[in-house]
Each structure stands twice: as structure tokens, then as C-alpha cells.
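Shown next, in C-alpha cells, is the structure this report addresses.
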Amino acid sequence: MRNFTKQYINGEWVESTSGETLEVINPATEEVAGTIAKGNKEDVEKAVEAADNVYLEFRHTSVKERQDLLDQIVQEYKNRKEDLIQAITDELGAPLSVAENVHYQMGLDHFEAARDALNDFQFEERRGDDLVVKEAIGVSGLITPWNFPTNQTSLKLAAAFAAGSPVVFKPSEETPFAAIILAEIFDKVGVPKGVFNLVNGDGQGVGNPLSEHPKVRMMSFTGSGPTGSSIMKKAAEDFKKVSLELGGKSPYIILDDADIDGAASAAANKVVFNTGQVCTAGTRTIVPASIKEDFLTAVKEKFSQVKVGNPREEGTQVGPIISKKQFDQVQAYIDKGIEEGAELLYGGPGKPEGLDKGYFARPTIFNNVDNSMTIAQEEIFGPVMSVITYNDLDEAIKIANDTKYGLAGYVYGSDKDTLHKVARSIEAGTVEINEAGRKPDLPFGGYKQSGLGREWGDYGIEEFLEVKSIAGYYN
């Protein structure tokens, strides 16, 4: 069992002021996997002061110094690979292969992308006799969700370090182990004291005072819309900059010239990947009437081949839902789909056979879903596909954009002109054509209620900078 009862503040592991702890539950076993410190306002105050004290010094470090720091982090991150994989499997229930090939790898990708972005990043630009300067914004508060313990953490931390902004970081209390390992990595490579501060705890005890602190100049949050809204309101009191990556209800448009087997495989993966606990999950599968029956046969077969189970068993592809609360929410949405008249094609309520222990859900397909139904409009955060039929391309695009969200979209087909038309028409911050995949140097963020700002690569670095113009600098 993992016991981490200290906070990491000003380059040291220190006792949490409250002396209280929180239990972390392994969702695959429903047993306690470890404990962490339950931080409070006093811990946040100490962390912010430490970050504020080092701000000017860190802001004025050279690009090369920060790039070298990121490179050292990359090397030590690789050294801790097995520790990170095991931690993520314990806290999230991610299958070992997913923990390695997705979670661990995405964290590494973001540190490398930020490091490499500094090669060409322009912090200064001459315009005639004048100078435009980009400089670190100052103390930044980071709050990350439970579904990607290294990805969401690394992309924010790497960007802040590259920009020269010290941080106070609150990971999710449900998946804090990987964040603690990152703190150990930073400590070993010598991240300057105060530049990185880790305060574990819950939203009320840590998240709220961090969002409200007058010395915090920027908040970067990934999570639910209601929490993002609450952070914005708190930040508005002293006009903090806010970067938000929130929910999604992403469309996956299948074109009538698509390879059926390839489309079914791609669409199924976008639903069951990470147990459906993905803000970019393509859960609204929008299929042309002309190929719908063939597609349904194929996608049902793909779902039947998915192995749900013990994340430590070889071959497991899908692990548990993160918690009892989240499991119950997924079950409620499945019940709602049935109640509203969608056709249950595969899966349904309850747990897969033989998986009584752990928060395992059945991968589920609903057919004949109307886009106005609850399961088509609200983020479920579980492995649930809603198949919606369209008759022409304009209707497909209209359905895709008929949502309050705009985080991601997908299109699968053969004709390049049609693929391009659809990709440009989807109202979302990220669109993938034929499973192209998102590279870590591309901007990531949402339209509409899916967020504010952009992350990843040089766009992520920009979020942690202020822009200053100096007139007459070269006179």
C-alpha cells in the first residue's frame, strides 16, 4: 500500500498542516490502494508564497536553462517508467498495456514537446524601433482530473516550466500517485526550490483557496464544466487569467464510402478507450442510412471482442470505472437511454459476467438514438456508444454540431474532398481524419462549453505568458 502523507513545498517534503489524510481506492479491487495528505488553506498559502518568492528569478532564467531542465526531467521520467506504470494501474485501474503505451507515453511526449518547442519559440520580436516581449505570467495554479494522471499533469507542468512560471499543483485526489512520482522526479533533477509545489487534497480544501489566492495570476484547470465555471467565478474576483479544458460529446461521422470494418474498429476504439473516461471520446457515432446495417453488424462484433477485466491480466483492454459514484452515473445513463426509447444493441446495465468485484461496466451500444436524447447530449464518461443515423452530409454535419460542446470530432471515409469538407465544418478544437492521431505539438482545446485557451506544444507555453510592448526600445 502506498502512503504519501507529506506535501512537496519549496523543494522539501513537509508535513501537511491539517494532519488529515485521504484514502485512494483501487477501482479494480474496491480496496484501499494508499493514503495521501489532505491539504488545506494553510498548505496552499505556504506553496503560493514559495512560488511567488522564486517567480522573478525563474522568469529571468535563460531559454537554454529551462530547456536543459526539461531535458533532465525527460531522462529521469524514463528512469521511473515502471514506477509510473504500476502507480497508474493501481490508482486508475488502467490495464498495464494502456498504462504503458498511453498514459506513461503521453506524459513523456508532452515534456519532450515543450522542450523541443523552445528551439524556435520567439520570446522577443522587433517591430521597427519597438520591441514585443513575452514573459512568464507568474504564479500559476494547476488542477488536473483523475482520468489521465500523467498526460494532463505533464502538459501543464512542461508548458509552465518552459515559460518560466512557477506553479502550485493540485492533482485529483482519486489518482494522485503518479503526480507524487513526478514530484520525486523534479526533486531529483534539481528543479529550483519554489518552482514546483505539490499540494494534495480535495477541491474544497485545496482547489478553492488556490483559485481564490490573490498572488496566483493564472489558473489552468482540466475537468468538469461546473467546476470550471466555479473556478472562473473565483478567478474573476481579481481578474486572473484562466485556461480551461472541459467536457465533450464528440461526434464520429462515418462517410458512405468508408471501409466498414475499418470504420467499425475505429469507432469502437474511440468509445471503449480508457473505459470511455475520455473528454474527447467519440461517443456519438453518426452513420449514413445506406451502410448502417452493415456497420451495426461490424461494430457489434468489435465490441464483443473487447476484453474487460483485471488490469493486471495480460490481454485486458478495458479496466474499471474510476469509482462507485462514477459507476452509478454510467449505469444511470444506460437506464436513461432505455427509458427514452433508444434500442439497446449490445451490453446494457450491470457488470460483465464474472466481474463482481470492481467498478466494471459493460461496453454498450445504443442504436436508433435521436440527437435530442440525454445519452446524445450529456457526457457519460463510460464505454457507451450512441448510433445516430443521417441521410445526407449536411444532416450529418448539423447533427455533429448540435451540442453545447466542441472539444473534438472525427470523420472516417475515402474521398479526400469530402473528408476535408467535414473536418472543416465540425465545430471543435480538434478534428481527426481517419484515425490520424493527435501529435503533442498540435494545439488542443475546445469550442463552446468545452473550454478556453489551448494546450500542448508552443500553444501550451503561450498560456503561461504575458505580452509586453516596449515602444522606442531601439531608438
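Residue positions begin at 1 at the first shown residue.
Any Cβ shown, glycine's included, is placed from N, Cα and C.
Listed in Swiss-Prot for this protein:
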BINDING   GLY201, ASP202, GLY203, GLN204, GLY205, VAL206, GLY207  NAD(+) binding site
ACT_SITE  GLU245  active site
ACT_SITE  CYS279  active site
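Distribution of Swiss-Prot features across the structure.
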residue	record	DSSP class
GLY201	NAD(+) binding site	coil
VAL206	NAD(+) binding site	helix
GLU245	active site	strand
CYS279	active site	coil
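Per-site Cβ counts within 10 Å over the recorded positions VAL206, CYS279 peak at VAL206.
Annotation: CYS279 are the recorded positions among GLY201, GLY203, GLN204, VAL206, CYS279 whose CA atoms are within 10 angstroms of the CA of GLU245 (active site). A distance of 25 Å separates the Cα atom of GLY205 (NAD(+) binding site) from that of CYS279 (active site).
Cβ atoms within 8 Å of the centroid of the Cβ atoms of GLY201, ASP202, GLY203, GLN204, GLY205, VAL206, GLY207 (the NAD(+) site) belong to the same-chain residues GLY39, LYS170, GLU173, ASN208, site residues excluded. Cβ-based crowding with a 10 Å cutoff singles out GLY201 as the top-ranked of the binding-site residues GLY201, GLY203, GLY205, GLY207.
Around the Cβ of GLU245 (active site), 28 further Cβ atoms fall within 10 Å across all displayed protein chains. Once Cβ contacts within 10 Å are tallied over all protein chains shown, the binding-site residues ASP202, GLN204 are led by ASP202.
Put simply, GLN204 (NAD(+) binding site) is 23 Å from CYS279 (active site) when counted between their Cα atoms.
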